[in-house]
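A short write-up of the structure that comes next.
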Amino acid sequence: MISDIFRVKNEDTRHSLLAAGAAGGLAAAFNAPLAGIMFVIEEMRPQFRYTLISVRAVIISAVAANIVFRVINGQDAVITMPQYDAPELSTLGLFLLLGALFGVFGVLFNYLITLAQDLFVKFHRNDRKRYLLTGSMIGGCFGLLLLYVPELTGGGISLIPTITNGGYGAGILLLLFVGRIFTTLLCFGSGAPGGIFAPMLALGTLFGYAFGLIAKVWFPELNIEPGMFAIAGMGALFAATVRAPITGILLVIEMTNNYHLILPLIITSLGAVIFAQLLGGQPIYSQLLHRTLKNQKLQQQDLPPQSPNS
């Protein structure tokens, strides 16, 4: 938008402004300036042109956006959670196992996202009435869910502290995990405005905490704290789907203020990325970009040819 307002023509400048906007947006949305900077470097590397000016623009944008966020909302972490100490070294193998499970799920989740979008497109068929009917039905369903099962609605950020405070058994958490997969696919696939970051963090928390509860029962000799696995699960699912492990690690640490969990987060996130790559999965944003470009190409092919005199 800034490029259009000031009629910026230079491609390098436009790319720098785009990258700076992405960094600032992420930093402000999640109170995570480091994650905002790293997201540009890690995820936007094919489009981001590394120059001294562009890197400075990204850093300044992330810092400025985060300062404004803190002035308005305070300096507390976005997610209020217990502060955990570093886990025992004997538990690190469990974090790697959790990462492997999220690597498998990440590939499946990305596939289901694009499948849901394709199914909605086939149903809508560019018919406005169908769009209105679908939106009304989905809105009504979520209104009922909000009354009876509120855990399945919303972005999920407010759900994370509730989960980590205890009160849910592993079975209930896994049911909520499956339910939120369905509601996330329903919302994102329908084309309703909204992002995928927060729902992914909620899914990672649900499965990670359930994994921690099960591990605590199976390995009573280990000093296992399920909340650690919830935090690791957030980073792992982000890494497996977006394929940006460093961004995921920084994002989760900054959002929860659990800096002591850096080692298990690295192990879980890298494990998730490695297994996702072994399964041949593609990053979610690459899939969405390829799908968009493919649809645009098909739409252009459907247009009637223009006459030379037109």
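Every residue gets a Cβ built from N, Cα and C, even glycine.
TrEMBL entries are annotated by machine, without manual review.
The model shown is predicted, which means the values in this text are computed figures rather than measured ones.
As annotated by TrEMBL, transmembrane segment applies to 17-41 (among others). A Cβ distance under 8 Å defines the sequence-distant neighbours of the transmembrane segment (17-41), meaning residues of its chain 6+ beyond its ends; these are 2-3, 8, 47-48, 54, 57-66, 68-70, 73, 77-78, 197, 244, 246-247, 250-251, 254-255.
Among the features that TrEMBL reports, transmembrane segment is placed at 53-72 (among others).
Distant neighbours of the transmembrane segment (92-111): 181, 203-204, 207-208, 211, 215, 219, 222, 224, 229, 232-233, 236-237, 239-241, 263-264, 267-276, 278-284, 287; these residues of the same chain sit at least 6 beyond its ends, with a Cβ under 8 Å from one of its Cβ atoms. Annotation source TrEMBL lists transmembrane segment at 92-111 (among others).
Remote same-chain residues near the transmembrane segment (131-148) are listed as 120, 123-124, 183, 186-187, 190, 192 (criterion: CB distance under 8 Å, separation of at least six residues from the stretch ends). For 131-148 (among others), the entry in TrEMBL reads transmembrane segment.
The transmembrane segment annotation in TrEMBL covers 168-188 (among others).
Annotated transmembrane segment per TrEMBL: 200-219 (among others), in sequence order.
Look at TrEMBL and you will find 231-253 (among others) tagged as transmembrane segment. Within its own chain, the transmembrane segment (231-253) has Cβ neighbours under 8 Å at 26, 30, 32, 34-35, 38-39, 42-43, 81, 84, 95, 98-99, 102-103, 105-107, 109-110, 160, 196-197, 200-201, 203-209, 211, 259, 261-262, 264-266, 268-273, 275-277, 281-286, counting only residues six or more beyond its boundaries.
Annotated transmembrane segment per TrEMBL: 260-279 (among others), in sequence order.
If one looks beyond the transmembrane segment (260-279) by at least 6 residues along the same chain, the residues whose Cβ comes under 8 Å of a Cβ in the stretch are 83-87, 91-92, 95-100, 102-104, 106-107, 228, 231-233, 235-241, 243, 245, 248-249, 252-253.
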